[in-house]
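**Student:** If you scroll down you'll find the structure; I have some questions about it.
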Amino acid sequence: MRQYLDLLQHVLDNGADRSDRTGTGTRSVFGYQMRFDLARGFPVTTTKKLHLKSIIHELLWFLAGDTNIKYLTDHGVTIWDEWADENGDLGPVYGRQWRSWPDGHGGSIDQIAGLLKEIRRNPQSRRLIVSAWNPAEVEAMALPPCHCLFQFYVSEGRLSCQLYQRSADIFLGVPFNIASYALLTLMVAQVTGLKPGDFVHTLGDAHLYSNHFEQAREQLQRTPRALPTMWINPEVKDLFAFRFEDFRLENYVADASIQAPIAV
């Protein structure tokens, strides 16, 4: 996945050194875009192995509208543990905003259901958008949304997705985000009868934490391999009916993972 390695190199070479909320320090650029043709393979890093189990379960958890880590914990996924309270709650994070955005009148808006309806009804629409950034609730979230808005686009029977990510931890977070939204695009394409198009990833503050520099340089010494393919159970036609067992990454050959500390 050369696009991702180019991002690592660009930030190392051109980024500005900055302080940050966690006190760790970062090297950062503002504004960067990558594009992945999903017909050419599933965009997952081959220069370090990713934990696909966590990515799939997290996406299913988002789509369920869940904001408590119990489901993740029950399935051995720990990526949200640092931010949960003693009851496992995270506040009104992604799942709530995607599926139950308060409408101001005592009800809620299911953005995902509305998105699917609009893709089927009016695929040329320029309003195929889901936002997780709710200013009225952002202060109550354990972690404000980093990947905060995405838009779908249909052309010639192909479904593309563009994600805007306001804050991008490019060593630990971005590979997960690429795989997660690529998978979401494949799932939405399947249930709406479309073919997968491109995944476009637009980054706002794209940063390497200072304690990830050496790990990034190590990864840049590795040679990317051919991308794997993601098999999705073709029998599933309801986005909310997918289960972990409905996905299988095939022909995934990757170098060993590279450990790096997470900034909380």
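Each position is counted from 1, following the chain as shown.
Keep in mind that glycine also has a Cβ here, set from the backbone N, Cα and C atoms.
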**Student:** Please identify which of Arg21, Arg35 is recorded by Swiss-Prot as part of the dUMP site containing Arg126, Arg127, Arg166, Ser167, Ala168, Asp169, Asn177, His207, Leu208, Tyr209.
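**Tutor:** It is Arg21, as the record lists it for that site.
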**Student:** Could you list the residues of the same chain, at least six apart in sequence, whose Cβ is under 8 A from the Cβ of Ala263 ((6R)-5,10-methylene-5,6,7,8-tetrahydrofolate binding site)?
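**Tutor:** When sequence neighbours closer than 6 are ignored, Ala263 ((6R)-5,10-methylene-5,6,7,8-tetrahydrofolate binding site) has Asp20, Thr22, Thr24, Asp169, Tyr209, Asn211 within Cβ distance under 8 Å.
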**Student:** State the count of C-beta atoms found within 10 angstroms of the C-beta of His51 ((6R)-5,10-methylene-5,6,7,8-tetrahydrofolate binding site), not counting that atom itself.
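**Tutor:** Its Cβ has 16 other Cβ atoms within 10 Å.
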**Student:** Applying a 10 Å Cβ distance cut-off over all chains shown, what neighbour count does Arg127 (dUMP binding site) have?
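**Tutor:** Arg127 (dUMP binding site): 10 neighbouring Cβ atoms within 10 Å.
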